[in-house]
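Here's the structure we're looking at; comments come further down.
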Amino acid sequence: MGRFRYEFSNLCGSAHRGANLIFSPDGKILYSAVGGRITTFDLVAAKSKTLPFECRSDISALALSPDGKFLLVVDLEGRTILFNLLIGVTVQRFTVQNSVATGGLAFSPCGRYFAIGSGRTLELWKVPSSSLPEFAVFERLCSMTHHRDSILVINWSPDSRYVVTGSRDLTSKVFYVHSLLAGSKVDGVSRIFPLTIFGHKDHVVFATFIGKRTAHGLMTATRDGTAYCWSFRENERLAQEREKGSQEDEGNIAMENAEDSELFEEEEEEEDDDDDGDDEDDDASERNGRSTLVCADVRLSSKHNCKQGGARQMLAARVHEDLRLLVVGMSNGIFALYELPVEMTERDKDYERALFDRPRTTAPYSELVLLQSLSMSSDPITTITVNETGEWLGVGVSSLGQLIVWEWRSETHVLKQQGHLVGGTSLAFSPDGRAIVTGGEDGRVKIWAVQSGFCTVTFSEHDAAVTDVAFSKTDVVLSSSLDGTVRVYDARRYRCFRVLVGPPPRRQFASVTADSAGEIVAAGCRDSFEVVVWSLRTGRVLDVISGHTGPVSCLALHPTRGQLATGSWDATVRLSEVYSDTASEVLQHDKEILALTYRPDGKELAVATRNGEVTLWDPENSRVKGSIDAGRDSAPGRLRDQRTIAAAKGFFRSICYSGDGRFLLGGGDANVICAYTVADNREPALIHRFEISVNKSLDGVSRKISTKELTDAAIGKSAIEDLDEGADDYEMQKRILERSLPGVESEKMKRRAMAHCVRFSPTSRAWAAMTSEGLLIYSAGSKWTQSFDPTALEVDITAEAAEDAAGRSDYPLAIQIAIRYGDSKVLSDLIYRTPVEAFSSVLQSIEPQHFEKLLTLLVSRIEQRPYIGFDLEFTRALLLEFGYRGLLGDLELVSAIRALQRSVSGHWDRLSGLCESNGHKIDFILSQCVLPKDEEVNGPSEP
């Protein structure tokens with residue numbers, strides 16, 4: 001590659017961490033928050049991708065517009081992002097004053113507004129509707145503070161006229177917002193009070209309207225596992241206004257800023273703790289000479305206990321009205337499906353009239369019909385969602401990073417993904433670059449598909465942390481662990497077929513490697529300072545190499561011969577011959593050895609030490625070729641509990657060469673991954689620094705901390721949390737239990753931004769890093785930057801426009817229009833009309849996302865055999881363009897290239913046999929075409 005052009009493409013290693021889950025309107029795509037990023041899971045195509053933006057802290061809430069065009073994201077600090085999913089662009093950023101709960105964000109069904117629960121304040125905003133650029137994209141219409149504690153959940157009525165909220169103050173409120181949003185007033189009414197619903201005994205974690213076009217019911221659920229079913233009746237005067245407004249064209253109503261409106265004023269009246277009703281008995285009253293009313297009234301129709309398996313709390317709930325389903329998630333990892341009562345989903349006016357005519361009474365508990373119950377894990381379920389058809393349930397466990405899509409009718413998993421529980425420690429690419437194997441401190445080994453981003457298999461045979469992993473040339477996965485074993489897995493059959501152990505006593509292995517043929521396996525020991533060598537075929541110990549006086553931290557086998565390089569904390573690198581008994585050569589360094597790697601051609605060895613230096617050795621002559629002073633490049637950030645400024649120098653824990661040996665990657669305790677050019681006959685130089693994350697929920701992201709964020713003891717304020725030891729909500733209890741003890745690095749309350757391992761793909765099309773955020777994959781050319789083509793939005797994308805462009809000999813434009821038009825016949829005809837000398841200019845003008853479609857068309861044309869010579873010439877030019885752009889190793893083009901190979905091979909087999917059988921005839925015909933010179937001038941002589 002001419003330049004080091006890599007961009008972030010995907011985040012694997014963690015499927016869900018924080019916020020809520022959202023299905024797309026068609027129910028095929030699931031949106032999940034992973035720290036400060038959003039990952040989308042295409043459940044039909046079996047692919048995942050990460051959106052190209054990152055929040056400044058962990059994401060707390062998500063909302064998707066009804067048309068699926070806009071995604072609204074809010075982080076823990078209240079920073080809000082509106083992202084356009086169609087073009088992959090961030091439309092606007094703004095900040096709300098207080099934090100937003102997981103369910104405190106919702107779009108209106110009409111798609112023109114959204115509501116945010118900022119602390120205990122309900123804010124209504126207008127969504128940008130114009131296609132033209134605007135200076136102020138968002139407009140806040142109103143802000144209402146009626147709750148006495150934080151808002152936990154927000155939902156809209158089907159007609160976008162009402163908003164229901166649930167709060168920590170044990171109440172739920174219904175707001176009439178239509179007149180406020182439309183900029184009109186109700187005749188004769190100066191103030192409309194929200195309806196306050198009492199009777200809950202715990203935090204209201206779920207609240208929603210029931211009804212198709214208009215709401216006729218309400219359902220609320222509390223953390224103690226109780227579901228309340230309410231019959232909802234709109235105020236008569238507001239109902240008349242709705243009927244009157246339904247006859248008018250509401251789409252032409254002018255929108256205006258309603259912050260100064262008097263319809264909603266601060267409500268500061270005494271509230272009675274009634275059992276199950278609102279504190280307003282009259283629909284209208286006269287207060288201070290002004291006419292006021294309460295927007296609606298409710299009656300409790302039934303309440304139900306939904307706890308399962310002895311759970312302490314219910315943390316999430318969802319309702320699917322069409323199927324009459326209630327899905328709840330418990331704190332013990334159980335989620336259950338219940339069938340709702342018929343009177344709750346189907347409106348019965350006689351039942352409703354009788355319910356409102358009778359005095360307010362407390363409804364007794366009744367049992368719901370349990371349809372299904374499943375234990376997902378022992379950790380609490382933090383979010384639940386249901387797709388539009390009600391077939392799939394999305395369930396997330398934030399503490400485990402676990403995500404499940406469950407098809408409840410067939411009782412099967414549509415998707416089941418989970419990252420490493422504690423954190424990943426190492427990674428390795430497969431020889432073809434299609435898979436990545438990772439090891440974690442949880443003792444698990446996982447294999448990830450690079451193209452889909454999914455975990456295909458998990459091995460959990462290790463009893464302690466996995467310290468290193470490796471991929472051999474024969475699709476064999478190796479993993480070393482602190483349990484004293486090196487396990488060998490078959491990457492095709494997904495099984496562990498061999499366990500390698502050293503001679504007694506038992507050792508703790510810190511690193512593992514294998515030779516290029518997959519015959520020799522070597523592992524370095526942490527406690528005995530030795531290196532054990534096995535035969536992979538027999539599993540027998542071939543040799544135990546000693547000589548180091550400190551833990552063996554890293555090792556690598558020469559790519560082409562049996563030289564083994566081992567690095568240790570004793571500041572030495574030893575070069576040993578595996579296939580002979582020659583003495584080891586010692587390469588002395590100034591500090592402890594942390595990482596080493598051979599260049600792919602074996603002519604250079606890079607060694608990273610604790611003082612921040614990377615030394616480049618010639619392994620043949622044992623001499624230094626060069627060095628890199630990477631201390632300042634890898635300087636770490638300042639930790640929150642650090643009393644001094646950040647260290648001026650750092651070091652690399654992992655280094656790796658690119659496939660061509662021209663670049664070197666390094667990652668360590670800093671929030672950056674550095675790339676250096678290390679070509680021969682050139683001085684090594686830093687060419688790029690990749691920032692791992694901008695998420696300030698991680699520790700060590702910034703080099704400096706503002707003085708206003710420091711206490712008098714020079715400690716970050718965020719490191720001192722005033723936690724209530726008697727708190728009963730799960731998240732706060734979890735933070736209390738995770739308070740770090742002295743010397744326990746893995747139990748820190750804040751994950752540190754760092755890179756544990758970096759590796760290049762063998763194809764050099766991508767590289768990956770195992771970080772505190774997960775498995776980050778960087779590709780040569782981001783898919784998001786190639787996915788949007790502005791000319792594809794033009795109106796004149798027609799077959800006639802393509803023909804006109806071809807008639808003007810503007811073949812690049814003609815082919816572009818035909819590709820976007822989508823008619824293969826039109827595209828095929830235009831390719832035939834393109835002259836051979838114009839192939840290069842045509843292909844240079846085509847965007848990379850269209851190459852697969854074009855190559856597939858050429859394959860079908862070659863198989864049909866109308867003009868095989870012309871098609872092969874165009875295909876040759878296309879493959880050359882792939883090479884110029886570095887796309888020959890692109891995994892998305894592999895299937896099309898293989899189909900092309902099969903098609904061309906078929907023609908070769910057919911034509912080669914025909915030519916070989918007629919070779920002599922062809923030679924004779926060609927010889928007759930060459931006449932003697934005298935015959936050519938004078939003609940043939942007469943006999």
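Note: Cβ is positioned from N, Cα and C throughout, glycine not excepted.
Whatever TrEMBL says is automated annotation, not expert-curated.
Taken verbatim from TrEMBL:
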type: REPEAT; residues: 144-175; note: repeat 'WD'
type: REGION; residues: 239-290; note: region 'Disordered'
type: COMPBIAS; residues: 257-284; note: compositional bias 'Acidic residues'
type: REPEAT; residues: 417-458; note: repeat 'WD'
type: REPEAT; residues: 459-499; note: repeat 'WD'
type: REPEAT; residues: 545-586; note: repeat 'WD'
type: REPEAT; residues: 586-627; note: repeat 'WD'
type: DOMAIN; residues: 588-633; note: domain 'Anaphase-promoting complex subunit 4-like WD40'
Mean of the pLDDT scores, which run from 0 to 100, over the repeat 'WD' (586-627): 93
DSSP helix/strand/coil residue counts for the domain 'Anaphase-promoting complex subunit 4-like WD40' (588-633): 0 helix, 25 strand, 21 coil
The repeat 'WD' (459-499), counted residue by residue under DSSP: helix, strand, coil: 0 helix, 23 strand, 18 coil
Residue counts (helix, strand, coil, in that order) that DSSP gives for the repeat 'WD' (545-586): 0 helix, 21 strand, 21 coil
